[in-house]
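Noted in Swiss-Prot for the protein shown:
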{"type": "SIGNAL", "residues": "1-35", "note": "signal peptide"}
{"type": "BINDING", "residues": "Tyr38, Cys58, Cys61, His62", "note": "heme binding site"}
{"type": "TRANSMEM", "residues": "288-308", "note": "transmembrane segment"}
Amino acid sequence: MQTRNTFSWTWIREEITRSISVSLMIYIITWSSISNAYPIFAQQNYENPREATGRIVCANCHLANKPVDIEVPQAVLPDTVFEAVVKIPYDMQLKQVLANGKKGALNVGAVLILPEGFELAPPDRISPEMKEKIGNLSFQNYRPNKKNILVIGPVPGQKYSEITFPILAPDPATNKDVHFLKYPIYVGGNRGRGQIYPDGSKSNNTVYNATAGGIISKILRKEKGVYEITIADASNGRQVIDIIPRGLELLVSEGESIKLDQPLTSNPNVGGFGQGDAEIVLQDPLRVQGLLFFLGSVVLAQIFLVLKKKQFEKVQLSEMNF
């Protein structure tokens, strides 16, 4: 009987340990995937990355404003592949605070909003020269049914501060919803981690302010660099504890008097988000042919005019000699 009970408890402990280990592994893998793929935040929470005001939703999490640029051809022919180059400049020497509190290199990401009908070029349509510019980047559609909206990132900023998107222009002959017009292209690009998560909570890449005014009675440094700051409010005698995540530099000390919303930490953010736009013309080949024919006609007319003038001058000269 004693042997049976020992076996049962041993088996139960092993099963519990195994279940906890599996759950922990699933959590780590899932969290790592989410934290390393921040475009998924926008994809999960917004049907369209561009709001009615023109603001790209990535700005909701990346609060600092930084520049971004896009280069596209002035005009393209239907059913041709062209480059859309997104430039996300920043100082390569900068280091950001990572989720684990350590310092690391900045990543970059971008969202490209193309006109309806434009989409990512298939691999067999991309030239070797363009493939070399693209490198090992892997683009994805914002939604399966929104092939004109592309996202990329996070990718190493030191290698991909310029991102080349291979784009296939539509053909109005096969797509009746597309016309030979001038179209806008919108782009958003970020470097570094965001300051706010989609649920409204702060990351450790932003400033933390005091949630109450009073005297700092205690600063406790806990495991992994997390701080607990206890603020004693003299007006009502209550105590407030502010939690500061790891990786941040404190600006206050014990015994210091602080005000409501006073910064408790320095601002660690060295990145930011920017958005821009460009225009592209889907050119009708017949218009190009017509323009070439017109220019050729003008050149020929000029040549015949010069020849006629020389012939007239010769006739005049011969009459004068006669």
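From the backbone N, Cα and C atoms, a Cβ is placed for every residue, glycine too.
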For Cys61 (heme binding site), what is the tally of other C-beta atoms lying within 10 angstroms of its C-beta? 19
For Cys58 (heme binding site), just count the other CB atoms lying within 10 A of its CB, please. 24
Cβ density check for His62 (heme binding site), other Cβ within 10 Å (all protein chains) comes to 26
For Cys58 (heme binding site), which of the three DSSP-derived states applies: helix, strand, or coil? helix
